Amino acid sequence: MSVQQETHGFQTEVAQLLKLVTHSLYSNKEIFLRELVSNAADAADKLRYKALSNADLYQGDGELRVRLSVDKDAGTLTISDNGIGMTKDDVINHLGTIAKSGTAEFFSHLSGDAAKDSQLIGQFGVGFYSAFIVADKVTVNTRAAGEAQAVQWESNGEGQFTTAEIEKAGRGTDIILHLNEDEQEYLDDYRLKAIVSKYSDHISIPVEMWQEGEAEREQEGETIPATEGKWESVNKATALWTQSKSDISDEQYQEFYKHVSHDWEDALSWSHNKVEGKQEYTSLLYIPAKAPFDMWNRDNKHGLKLYVQRVFIMDEAEQFLPQYLRFVKGLIDSNDLPLNVSRELLQDNKVTQSLRTALTKRVLGMLDKLAKDEDKYNTFWSQFGNALKEGPAEDMANKEKIAKLLRFASTHNDSSAETVGLTQYIERMKEGQDKIYYIVADSYNAAKNSPHLELLKKKGIETLLLSERIDEWLVSHLTEFDGKQLVSVTKGDLGLDDLSDEEKAEQDKQAEENKPLLERFQTTLGAKVKEVKISQRLTDSPACIVAGEHDMSSQMVKMMEAMGQEAPEQTPVFELNLEHPLVQKLADEQDEARFDQWANLLLSQATLAERGSLKDPSEFVAQLNTLLLDLSK
Ligand SMILES: Nc1ncnc2c1ncn2[C@@H]1O[C@H](COP(=O)(O)OP(=O)(O)OP(=O)(O)O)[C@@H](O)[C@H]1O
């Protein structure tokens, strides 16, 4: 009956995905049904939303539902909905391409190892294409609401699909799975019912199956009249978030999470709240256990599902949470927003603003609670910590709360794992210590081994070791926690002034005695350094460079340069360790030319240790070679 059949090629990534689906997803095949029922429920939501402004779209059929039916002879299972349906363009776009940004990059990370890839693919979300886990051919008959023409899409999942115009009586979509020889179990009513109640009980529209009628029969002398066959709902069909918490099991919360998030893994935690009073809303928020593959893409889609008075309005409403909490999934159902609210309207809306404030508080509270379970919190932090680090810059009002949730590597632990919180750091502070010390470097090892930490280590003072790209940005916005200043050990004075009068007098004496040496360094290094000082922070290294109190740190300079911005020229303070034999040797050096060579070499060395690179590396190599030659004479 179909006319004008057209053949189309799948987008490369879809073809790759389909291959993976058929080869990797063998361990939990039944989830294909969850995905297809989830899509059908979304299609019902979309129709209801569109019908808000055009009730004619229902065409007398407003009872939205999904139906499962089997044809044992043909070996087919059909999932049929009367939702929004698809036009021919929709079909080609949605069932032939993947619209997510960064998809190609994602595929480039797959290893070819089926078990590993199936993990990744779960994170990606296979959706409709999961039909091919159990079917060797899939036929989709669909008619968009308000359209007369229906379309058929068909494919065996191998590179191509066809489309054709067809006749279809009602609006909506029928997905016909021609089951593989080995998957005939999905023709069994009991099996299907069990899967639906396991995964799709919370779907807000009924999932129906045909209940055969029974012929008139005699039982214990009585005549039981014949019954007619009818469609019967096999799920609860009440929107999960409208039920009371005590009626919802953890499993149901987890299944609902998978429906709203398209994640295949369980969530880490959730919070379900009904709020009444000035504002009326229900929120159901989830913290995922794994970051989605496109978490760090700039145009990554995120946000909550928005419902108004239980009617679905939009996906990915990002206005309800700040950017740094973009990993949160879930929904908000408001009684205060108008049903015709649009993305634009949400933007400057008072209701949105106060919901955003409330939900942000809620999520920070959830995280605070999660932090009490160290294992879970570590999982969370490893996935989303870097997003949370954007918080202090973005959300001034909650700075302190966010800071409490941050975790860092530190000299207290011999590990690069970020597990130390600021509260914990403060608890461990030394008597008389009133600052929180940190260092930002290119890598954990560079931070850990930095000469700047020498004195602090000697004094047994803990230092936070920061080495993520975002860290410099973070500390430029987080300068205080719990009344204690955060201080970079590479900048200005360390403020370790708990020196006794004796020690102070000793220091002053040392400075006075070594004035000529410091001046000699200053003269020979000239404009390359701002000042030459005796270091109070070194024990093992001969020298280091330090940024002035109000200068940009070298990490900040690097960050600006990486972003293609011109960073102001920074002249460092040069600190010398008078205890070091090299410096002591230099103090006795009579040959001015040699002193100059050594002094410059020490400066280059210190710069290299601090910045990881030199403006003029060949000059450094030349200095070193001259000295080596000199020494070998
Ligand atoms: N039953 C349906 N009725 C109407 N449209 C559908 C139906 N099933 C799928 N679609 C359309 O096809 C698109 C792709 O579906 P698919 O399941 O692959 O992805 P998704 O649901 O958007 O997200 P995910 O891949 O994360 O599950 C959907 O976004 C929707 O537009």
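Cβ coordinates are placed from backbone N, Cα and C, and glycine is handled just like the others.
Taken straight from TrEMBL:
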{"type": "BINDING", "residues": "Glu35, Asn39, Asp81, Met86, 100-102, 123-128, Thr173, Arg343", "note": "ATP binding site"}
{"type": "DOMAIN", "residues": "28-183", "note": "domain 'Histidine kinase/HSP90-like ATPase'"}
{"type": "REGION", "residues": "1-343", "note": "region 'A'"}
{"type": "REGION", "residues": "559-633", "note": "region 'C'"}
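Local packing around the binding-site residues Lys100, Arg343 was summarised as the count of other Cβ atoms within 10 Å of each Cβ; on this measure the leading residue is Lys100. Among the binding-site residues Asp81, Lys100, Phe124, residues whose Cβ is positioned under 6 Å from ligand 1 are identified as Asp81. Summarised by DSSP class, the composition of the region 'C' (559-633) is 47 helix, 4 strand, 24 coil. Ranked by Cβ neighbours within 10 A across all protein chains shown, the binding-site residues Glu35, Asp81 are led by Asp81. Of all Cβ atoms in the shown protein chains, 16 besides its own fall within 10 Å of the Cβ of Gly102 (ATP binding site). Comparing Cβ neighbour counts within 10 Å across the binding-site residues Phe124, Phe128, the minimum falls on Phe128. The secondary structure of Asp81 (ATP binding site), as reduced to three states from DSSP, is extended strand.
Cβ neighbour count for Val126 (ATP binding site): 24 (other Cβ atoms within 10 Å of its Cβ, all protein chains included). Gly102 (ATP binding site) falls within neither a helix nor a strand when secondary structure is assigned with DSSP, and so counts as coil.
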